[in-house]
């Protein structure tokens, strides 16, 4: 979910703002999702959306 994603990014990249930096990234990051993921980040988001 988005909360877990946010925590993971903040742990990996201290000082980042994951929801504003990645909230609308690609077709799966953010609320809902569809389409074909084109990179590992989107595949991760797809797994958590499904």
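In case you wondered, yes, glycine gets a Cβ from its N, Cα and C as well.
Residues within less than 8 Å, Cβ to Cβ, of residue 28 (Ca(2+) binding site) and separated from it by at least 6 positions along the same chain comprise 34, 35, 37, 42, 45, 46, 49. Marked as Ca(2+) binding site by Swiss-Prot on the basis of similarity to another entry: 28, 30, 32, 49.
The feature disulfide bond is assigned by Swiss-Prot to 29-45. In the three-state DSSP scheme, residue 45 (disulfide bond) is classed as helix.
For residue 48 (active site), other Cβ atoms within 10 Å of its Cβ number 15. As annotated by Swiss-Prot, active site applies to 48, with the evidence given as similarity to another entry.
If you measure from the Cα atom of residue 48 (active site) to that of residue 29 (disulfide bond), you get 9 Å. Residue 29 (disulfide bond) falls within neither a helix nor a strand when secondary structure is assigned with DSSP, and so counts as coil.
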